[in-house]
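These notes are about the structure you will find just below.
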Amino acid sequence: MQLRQASVLPRLSPTNAECRPGELLHIIGPNGAGKSTLLARAAGLLAGEGEVYLAGTPLSQYTAADLAVRRAYLAQQQPPLALMPVFQYWQRHQPPLAQEYAVEKVVHFLAERLMLTDKLARPLTQLSGGEWQRVRLVAALLQIWPTINPHARLLLLDEPTNSLDVAQQVALDSLLSELCRLGIAVVVCAHDLNHSAHHADRVWLLSAGVLVAQGETEDVMLPEVLSPVFGVAFQRHVVDGRNWIITRSA
């Protein structure tokens, strides 16, 4: 995916950036920085100036159906309005023309990994917040899982760990790593700086709608880069060989 002067004024200034196949990229920044706007623009869901390219083709040249085959998008919030059961909701997200037995295999795999195997018949409106978040994650993953969708290229997730407990976050991290190994680019709007420091391959840092830094994680997740943007004095500590970003004591 490439962004070429892509903007949604005044929320997102013209932006040039790219995410490579098989890369896990995190978008970070303070609240109101434009992270969700950038993700929705990259998904083709917000109009604006400039262009977003996917697999070398401008999003504007894809039909809605063609785009849905190539990328999946998880919004930060989405109420479960339908009365349908979980398995039917997932059916609506499976790739067209996929072999039914192959889809069933992936559904079982994803449901097991995200601890939902006992929820398939439950109506969406009877799910807890964490269950609904995991159901939505399975739907997004199912839409672009490469073994059943050879056209898949990109997964866009806005705050995917909302309402997840620690074990569920670990399970999601493992699935995203596996998806990247299969060649899918994954872009995540994130709020936990240490999680980004430990898991992202590359990071985009936004401030007031401007992409102020982008690059390898170790080059962006530095106190001197983060502190001016967040307005907090950060320092870096190394514990058991891992870098941790913490606030400086008063």
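Cβ coordinates come from backbone N, Cα and C, glycine included.
Every protein chain shown contributes to the tally, and the Cβ of Gly32 (ATP binding site) ends up with 13 other Cβ atoms within 10 Å. The annotation ATP binding site is assigned in Swiss-Prot to Gly29, Pro30, Asn31, Gly32, Ala33, Gly34, Lys35, Ser36.
The annotation domain 'ABC transporter' is assigned in Swiss-Prot to 3-233.
In the three-state DSSP classification, Ser36 (ATP binding site) falls within a helix. In this structure, Pro30 (ATP binding site) belongs to neither helix nor strand by DSSP; it is coil.
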